[in-house]
Amino acid sequence: MADAADALSARSKVQGFLEAACSGDLEALRKFGSALDEEGKGAAAVAAGVRDANKRTALHFAAGEGQTEVCKFLVEQLRLPVDPKDDDGETPLIHAARQGRLETVEYLLGRGADPSVASNMGATALHHAAGIGHIEIMKILLGKGVDIESKSESGTPLVWAAGHGQQDAVKLLLEHNAKPDTETADGITSLLSAVAAGSLPCLEVLIQAGANPNVTAGGATPLHIAADSGNLEMIKCLLQAGGDPNTSDDDGFKPIEVAALRDNLEVVEHLLPLTSPIPGVSNWTVDGIVKYVSSKMEEEKAQENESASLQRRQPVEVSPEAKKRSLEAKSRGDDAFRRKDFLVAVDAYTQKPLLAAGRAR
(Lines of atoms letter the chains of each structure in order from A and count residues from 1; the text may use other names and numbers.)
(Lines give C-alpha, C1' and ligand atoms only; values in the text may rest on other atoms or scores of the structure.)
Protein backbone atom coordinates (compact mmCIF):
# COMPACT_ATOMS: atom_id res chain seq x y z
CA MET A 1 0.00 0.00 0.00
CA ALA A 2 2.87 2.34 0.83
CA ASP A 3 4.39 1.84 -2.63
CA ALA A 4 1.04 2.61 -4.28
CA ALA A 5 0.63 5.73 -2.17
CA ASP A 6 4.15 6.88 -3.02
CA ALA A 7 3.48 6.33 -6.72
CA LEU A 8 0.28 8.37 -6.57
CA SER A 9 2.06 11.13 -4.69
CA ALA A 10 4.88 11.26 -7.26
CA ARG A 11 2.39 11.27 -10.11
CA SER A 12 0.52 14.16 -8.52
CA LYS A 13 3.75 16.14 -8.18
CA VAL A 14 4.72 15.49 -11.81
CA GLN A 15 1.27 16.58 -12.96
CA GLY A 16 1.49 19.70 -10.84
CA PHE A 17 4.92 20.51 -12.23
CA LEU A 18 3.80 20.21 -15.86
CA GLU A 19 0.55 22.08 -15.24
CA ALA A 20 2.53 24.92 -13.68
CA ALA A 21 4.63 25.07 -16.86
CA CYS A 22 1.43 25.27 -18.91
CA SER A 23 -0.13 28.01 -16.82
CA GLY A 24 3.04 30.05 -16.45
CA ASP A 25 3.06 29.80 -12.66
CA LEU A 26 6.77 29.98 -11.83
CA GLU A 27 6.18 29.83 -8.08
CA ALA A 28 4.23 26.58 -8.40
CA LEU A 29 6.84 25.24 -10.82
CA ARG A 30 9.58 25.80 -8.26
CA LYS A 31 7.44 24.31 -5.48
CA PHE A 32 6.64 21.10 -7.32
CA GLY A 33 10.21 20.88 -8.57
CA SER A 34 11.49 21.06 -5.02
CA ALA A 35 8.96 18.42 -3.89
CA LEU A 36 10.17 16.07 -6.64
CA ASP A 37 13.83 16.52 -5.67
CA GLU A 38 13.84 13.85 -2.99
CA GLU A 39 17.41 12.78 -3.76
CA GLY A 40 18.85 16.28 -3.76
CA LYS A 41 19.91 16.26 -7.41
CA GLY A 42 18.92 19.87 -7.93
CA ALA A 43 16.24 21.73 -9.82
CA ALA A 44 17.89 21.32 -13.24
CA ALA A 45 18.12 17.55 -12.95
CA VAL A 46 14.50 17.34 -11.81
CA ALA A 47 13.22 19.52 -14.63
CA ALA A 48 15.20 17.56 -17.22
CA GLY A 49 13.85 14.26 -15.95
CA VAL A 50 10.17 15.13 -15.62
CA ARG A 51 8.23 14.04 -18.72
CA ASP A 52 4.69 12.96 -19.42
CA ALA A 53 3.68 9.65 -21.02
CA ASN A 54 4.63 11.03 -24.46
CA LYS A 55 8.04 12.16 -23.22
CA ARG A 56 7.09 15.84 -23.35
CA THR A 57 9.08 18.04 -20.99
CA ALA A 58 8.01 21.15 -19.12
CA LEU A 59 9.64 23.14 -21.94
CA HIS A 60 7.36 21.46 -24.49
CA PHE A 61 4.29 22.40 -22.47
CA ALA A 62 5.42 25.94 -21.76
CA ALA A 63 6.30 26.52 -25.42
CA GLY A 64 2.99 25.17 -26.67
CA GLU A 65 1.11 27.47 -24.29
CA GLY A 66 3.22 30.50 -25.13
CA GLN A 67 4.63 30.76 -21.60
CA THR A 68 7.84 32.49 -22.62
CA GLU A 69 8.87 33.41 -19.07
CA VAL A 70 8.74 29.76 -18.07
CA CYS A 71 10.82 28.92 -21.13
CA LYS A 72 13.38 31.52 -20.04
CA PHE A 73 13.51 30.06 -16.54
CA LEU A 74 14.01 26.52 -17.85
CA VAL A 75 16.55 27.40 -20.53
CA GLU A 76 18.52 30.21 -18.88
CA GLN A 77 18.35 29.48 -15.16
CA LEU A 78 18.16 25.71 -15.23
CA ARG A 79 20.14 25.47 -18.48
CA LEU A 80 17.95 22.81 -20.01
CA PRO A 81 18.53 21.83 -23.67
CA VAL A 82 16.44 23.96 -26.01
CA ASP A 83 15.64 21.16 -28.47
CA PRO A 84 14.54 18.06 -26.50
CA LYS A 85 12.38 15.68 -28.51
CA ASP A 86 9.20 13.98 -27.35
CA ASP A 87 8.01 10.56 -28.50
CA ASP A 88 6.76 12.11 -31.75
CA GLY A 89 10.16 13.62 -32.44
CA GLU A 90 8.79 17.11 -31.84
CA THR A 91 10.76 19.90 -30.19
CA PRO A 92 9.41 22.79 -28.10
CA LEU A 93 9.85 25.02 -31.18
CA ILE A 94 7.49 22.80 -33.17
CA HIS A 95 4.95 22.93 -30.34
CA ALA A 96 5.16 26.72 -30.22
CA ALA A 97 4.84 27.11 -34.00
CA ARG A 98 1.84 24.79 -34.16
CA GLN A 99 -0.01 26.94 -31.64
CA GLY A 100 1.04 30.23 -33.22
CA ARG A 101 3.13 31.40 -30.23
CA LEU A 102 5.14 34.12 -31.98
CA GLU A 103 6.99 35.50 -28.93
CA THR A 104 7.97 32.02 -27.81
CA VAL A 105 9.13 31.02 -31.29
CA GLU A 106 11.32 34.12 -31.42
CA TYR A 107 12.76 33.37 -27.97
CA LEU A 108 13.55 29.72 -28.69
CA LEU A 109 15.21 30.57 -31.99
CA GLY A 110 17.22 33.24 -30.21
CA ARG A 111 18.45 30.61 -27.77
CA GLY A 112 19.60 28.33 -30.56
CA ALA A 113 16.57 26.15 -31.37
CA ASP A 114 17.02 24.41 -34.72
CA PRO A 115 14.16 25.29 -37.11
CA SER A 116 15.11 22.49 -39.49
CA VAL A 117 14.34 19.71 -37.01
CA ALA A 118 11.54 17.50 -38.28
CA SER A 119 9.23 15.24 -36.31
CA ASN A 120 9.02 11.50 -36.83
CA MET A 121 6.41 12.25 -39.51
CA GLY A 122 8.77 14.69 -41.21
CA ALA A 123 6.94 17.88 -40.21
CA THR A 124 8.96 20.96 -39.26
CA ALA A 125 7.93 24.14 -37.49
CA LEU A 126 7.34 25.67 -40.94
CA HIS A 127 4.82 22.96 -41.84
CA HIS A 128 2.81 23.75 -38.74
CA ALA A 129 3.05 27.52 -39.14
CA ALA A 130 1.90 27.15 -42.75
CA GLY A 131 -0.99 24.93 -41.72
CA ILE A 132 -2.37 27.54 -39.34
CA GLY A 133 -1.49 30.42 -41.66
CA HIS A 134 0.72 32.30 -39.19
CA ILE A 135 2.53 34.63 -41.56
CA GLU A 136 4.87 36.25 -39.03
CA ILE A 137 6.18 32.93 -37.76
CA MET A 138 6.56 31.71 -41.34
CA LYS A 139 8.58 34.78 -42.27
CA ILE A 140 10.90 34.27 -39.30
CA LEU A 141 11.45 30.61 -40.14
CA LEU A 142 11.98 31.32 -43.83
CA GLY A 143 14.47 33.98 -42.80
CA LYS A 144 16.42 31.25 -41.00
CA GLY A 145 16.85 29.45 -44.30
CA VAL A 146 14.68 26.44 -43.61
CA ASP A 147 14.04 24.07 -46.50
CA ILE A 148 10.81 25.23 -48.12
CA GLU A 149 10.52 21.91 -49.96
CA SER A 150 10.96 19.78 -46.85
CA LYS A 151 8.61 16.82 -47.17
CA SER A 152 6.62 15.39 -44.32
CA GLU A 153 4.49 12.30 -44.81
CA SER A 154 1.69 14.77 -45.52
CA GLY A 155 3.64 16.85 -48.01
CA THR A 156 5.52 20.12 -48.15
CA PRO A 157 4.57 23.27 -46.21
CA LEU A 158 2.75 24.42 -49.37
CA VAL A 159 0.57 21.30 -49.36
CA TRP A 160 -0.21 21.94 -45.69
CA ALA A 161 -1.11 25.58 -46.30
CA ALA A 162 -3.30 24.77 -49.31
CA GLY A 163 -4.97 21.87 -47.52
CA HIS A 164 -6.01 24.16 -44.69
CA GLY A 165 -7.23 26.94 -46.97
CA GLN A 166 -4.50 29.37 -45.89
CA GLN A 167 -4.39 31.67 -48.91
CA ASP A 168 -1.87 34.18 -47.53
CA ALA A 169 0.44 31.36 -46.45
CA VAL A 170 0.21 29.85 -49.93
CA LYS A 171 1.11 33.23 -51.46
CA LEU A 172 4.07 33.69 -49.11
CA LEU A 173 5.49 30.25 -49.85
CA LEU A 174 5.12 30.76 -53.59
CA GLU A 175 6.88 34.13 -53.27
CA HIS A 176 9.76 32.20 -51.70
CA ASN A 177 9.83 29.87 -54.71
CA ALA A 178 7.93 26.92 -53.32
CA LYS A 179 7.15 24.47 -56.13
CA PRO A 180 3.38 24.10 -56.64
CA ASP A 181 3.56 20.64 -58.21
CA THR A 182 5.72 18.88 -55.63
CA GLU A 183 3.97 15.60 -54.77
CA THR A 184 3.62 13.54 -51.63
CA ALA A 185 4.42 9.83 -51.78
CA ASP A 186 0.78 9.31 -52.75
CA GLY A 187 0.78 11.87 -55.54
CA ILE A 188 -0.99 14.68 -53.69
CA THR A 189 0.01 18.20 -54.75
CA SER A 190 -0.87 21.56 -53.25
CA LEU A 191 -3.58 22.05 -55.89
CA LEU A 192 -5.24 18.72 -55.12
CA SER A 193 -5.04 19.57 -51.44
CA ALA A 194 -6.66 22.97 -52.01
CA VAL A 195 -9.51 21.41 -54.01
CA ALA A 196 -10.11 18.80 -51.30
CA ALA A 197 -10.20 21.59 -48.71
CA GLY A 198 -12.74 23.48 -50.81
CA SER A 199 -10.53 26.55 -50.95
CA LEU A 200 -11.21 28.44 -54.16
CA PRO A 201 -8.87 31.33 -53.20
CA CYS A 202 -5.95 28.91 -52.74
CA LEU A 203 -6.83 27.15 -55.98
CA GLU A 204 -6.81 30.44 -57.89
CA VAL A 205 -3.44 31.45 -56.44
CA LEU A 206 -1.91 28.08 -57.29
CA ILE A 207 -3.23 28.14 -60.85
CA GLN A 208 -1.75 31.61 -61.30
CA ALA A 209 1.55 30.13 -60.15
CA GLY A 210 1.34 27.48 -62.86
CA ALA A 211 0.10 24.49 -60.88
CA ASN A 212 -1.00 21.55 -63.03
CA PRO A 213 -4.84 21.33 -63.11
CA ASN A 214 -4.69 17.77 -64.47
CA VAL A 215 -2.47 16.16 -61.86
CA THR A 216 -3.73 12.75 -60.71
CA ALA A 217 -3.67 10.83 -57.45
CA GLY A 218 -5.21 7.39 -57.23
CA GLY A 219 -6.36 7.99 -60.79
CA ALA A 220 -8.43 11.02 -59.80
CA THR A 221 -7.90 14.55 -61.07
CA PRO A 222 -8.84 17.82 -59.34
CA LEU A 223 -12.01 17.83 -61.47
CA HIS A 224 -13.00 14.46 -60.03
CA ILE A 225 -12.55 15.81 -56.50
CA ALA A 226 -14.48 19.01 -57.20
CA ALA A 227 -17.23 16.99 -58.86
CA ASP A 228 -17.39 14.80 -55.78
CA SER A 229 -17.94 17.79 -53.52
CA GLY A 230 -20.27 19.55 -55.95
CA ASN A 231 -18.22 22.75 -55.94
CA LEU A 232 -19.28 24.37 -59.20
CA GLU A 233 -17.04 27.43 -58.83
CA MET A 234 -14.02 25.18 -58.50
CA ILE A 235 -15.17 23.21 -61.52
CA LYS A 236 -15.32 26.43 -63.54
CA CYS A 237 -11.92 27.56 -62.30
CA LEU A 238 -10.29 24.24 -63.18
CA LEU A 239 -11.89 24.12 -66.61
CA GLN A 240 -10.74 27.66 -67.38
CA ALA A 241 -7.21 26.63 -66.37
CA GLY A 242 -7.26 23.69 -68.79
CA GLY A 243 -8.70 20.93 -66.65
CA ASP A 244 -9.75 17.98 -68.83
CA PRO A 245 -13.36 16.85 -68.23
CA ASN A 246 -12.78 13.72 -70.30
CA THR A 247 -10.06 12.18 -68.12
CA SER A 248 -11.18 8.93 -66.52
CA ASP A 249 -10.06 7.64 -63.15
CA ASP A 250 -8.67 4.13 -62.61
CA ASP A 251 -12.18 2.67 -62.75
CA GLY A 252 -13.13 4.51 -65.93
CA PHE A 253 -15.24 7.22 -64.30
CA LYS A 254 -15.20 10.73 -65.72
CA PRO A 255 -15.83 13.77 -63.50
CA ILE A 256 -19.40 14.04 -64.81
CA GLU A 257 -20.09 10.48 -63.64
CA VAL A 258 -18.70 11.24 -60.17
CA ALA A 259 -20.97 14.28 -59.97
CA ALA A 260 -23.94 12.14 -61.04
CA LEU A 261 -23.05 9.54 -58.43
CA ARG A 262 -23.22 12.23 -55.74
CA ASP A 263 -26.42 13.78 -57.15
CA ASN A 264 -24.57 17.01 -57.86
CA LEU A 265 -26.90 17.81 -60.73
CA GLU A 266 -25.77 21.41 -61.22
CA VAL A 267 -22.25 20.14 -61.86
CA VAL A 268 -23.53 17.41 -64.18
CA GLU A 269 -25.43 20.03 -66.18
CA HIS A 270 -22.34 22.24 -66.45
CA LEU A 271 -20.07 19.39 -67.54
CA LEU A 272 -22.57 17.86 -69.97
CA PRO A 273 -21.72 19.95 -73.07
CA LEU A 274 -17.99 19.75 -72.29
CA THR A 275 -17.78 15.99 -71.89
CA SER A 276 -17.54 13.57 -74.78
CA PRO A 277 -20.55 11.21 -74.84
CA ILE A 278 -19.94 8.02 -72.91
CA PRO A 279 -20.53 4.74 -74.78
CA GLY A 280 -23.53 3.06 -73.23
CA VAL A 281 -25.33 6.27 -72.32
CA SER A 282 -28.12 6.32 -74.90
CA ASN A 283 -29.78 9.42 -73.43
CA TRP A 284 -27.10 12.11 -73.19
CA THR A 285 -28.94 14.29 -70.71
CA VAL A 286 -28.61 14.97 -67.00
CA ASP A 287 -31.28 12.35 -66.20
CA GLY A 288 -29.77 9.90 -68.65
CA ILE A 289 -26.32 10.13 -67.05
CA VAL A 290 -27.70 9.81 -63.52
CA LYS A 291 -29.63 6.66 -64.48
CA TYR A 292 -26.60 5.23 -66.27
CA VAL A 293 -24.28 5.78 -63.30
CA SER A 294 -26.83 4.35 -60.89
CA SER A 295 -27.13 1.22 -63.02
CA LYS A 296 -23.36 0.98 -63.34
CA MET A 297 -22.86 1.13 -59.56
CA GLU A 298 -25.54 -1.51 -58.97
CA GLU A 299 -23.75 -3.83 -61.39
CA GLU A 300 -20.42 -3.27 -59.65
CA LYS A 301 -21.99 -3.90 -56.25
CA ALA A 302 -23.49 -7.15 -57.50
CA GLN A 303 -20.09 -8.24 -58.81
CA GLU A 304 -18.44 -7.36 -55.50
CA ASN A 305 -21.03 -9.39 -53.60
CA GLU A 306 -20.49 -12.37 -55.90
CA SER A 307 -16.73 -12.08 -55.49
CA ALA A 308 -17.06 -11.90 -51.70
CA SER A 309 -19.27 -14.99 -51.76
CA LEU A 310 -16.67 -16.92 -53.74
CA GLN A 311 -13.94 -15.88 -51.36
CA ARG A 312 -15.95 -17.15 -48.40
CA ARG A 313 -16.34 -20.53 -50.10
CA GLN A 314 -12.71 -20.69 -51.17
CA PRO A 315 -10.62 -19.05 -48.49
CA VAL A 316 -7.12 -18.12 -49.55
CA GLU A 317 -4.21 -18.05 -47.15
CA VAL A 318 -2.69 -14.59 -46.99
CA SER A 319 0.94 -14.11 -46.05
CA PRO A 320 1.85 -11.68 -43.24
CA GLU A 321 3.69 -9.52 -45.76
CA ALA A 322 0.61 -9.33 -47.99
CA LYS A 323 -1.55 -8.40 -45.02
CA LYS A 324 0.86 -5.62 -44.12
CA ARG A 325 0.82 -4.24 -47.65
CA SER A 326 -2.97 -4.34 -47.68
CA LEU A 327 -3.23 -2.42 -44.42
CA GLU A 328 -0.73 0.18 -45.59
CA ALA A 329 -2.66 0.66 -48.83
CA LYS A 330 -5.91 1.09 -46.95
CA SER A 331 -4.36 3.63 -44.58
CA ARG A 332 -3.27 5.70 -47.55
CA GLY A 333 -6.79 6.03 -48.76
CA ASP A 334 -6.81 3.60 -51.68
CA ASP A 335 -10.15 2.18 -50.68
CA ALA A 336 -11.62 5.66 -50.59
CA PHE A 337 -10.49 6.34 -54.13
CA ARG A 338 -11.94 3.06 -55.30
CA ARG A 339 -15.38 3.92 -53.96
CA LYS A 340 -15.18 7.45 -55.37
CA ASP A 341 -14.80 9.12 -51.98
CA PHE A 342 -12.17 11.44 -53.34
CA LEU A 343 -12.31 14.01 -50.54
CA VAL A 344 -11.88 11.29 -47.94
CA ALA A 345 -8.98 9.83 -49.90
CA VAL A 346 -7.07 13.08 -50.19
CA ASP A 347 -7.67 13.84 -46.53
CA ALA A 348 -6.34 10.40 -45.60
CA TYR A 349 -3.30 10.87 -47.81
CA THR A 350 -2.47 14.22 -46.24
CA GLN A 351 -3.12 13.02 -42.69
CA LYS A 352 -5.70 15.72 -41.99
CA PRO A 353 -8.93 15.35 -40.09
CA LEU A 354 -11.50 14.07 -42.55
CA LEU A 355 -13.35 16.94 -44.17
CA ALA A 356 -15.86 14.56 -45.64
CA ALA A 357 -16.40 12.00 -42.93
CA GLY A 358 -19.30 9.71 -43.57
CA ARG A 359 -19.38 10.21 -47.33
CA ALA A 360 -19.23 6.49 -48.07
CA ARG A 361 -22.32 5.18 -49.79
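Heads up, the Cβ atoms here are built off N, Cα and C, so glycines get one too.
According to TrEMBL:
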{"type": "REPEAT", "residues": "54-76", "note": "repeat 'ANK'"}
{"type": "REPEAT", "residues": "88-120", "note": "repeat 'ANK'"}
{"type": "REPEAT", "residues": "121-153", "note": "repeat 'ANK'"}
{"type": "REPEAT", "residues": "153-185", "note": "repeat 'ANK'"}
{"type": "REPEAT", "residues": "186-218", "note": "repeat 'ANK'"}
{"type": "REPEAT", "residues": "218-250", "note": "repeat 'ANK'"}
{"type": "REGION", "residues": "300-333", "note": "region 'Disordered'"}
{"type": "COMPBIAS", "residues": "320-333", "note": "compositional bias 'Basic and acidic residues'"}
| task | Could you pull the average pLDDT for the repeat 'ANK' (186-218)? | result | 96
| note | Across the repeat 'ANK' (54-76), DSSP labelling yields 16 helix, 0 strand, 7 coil
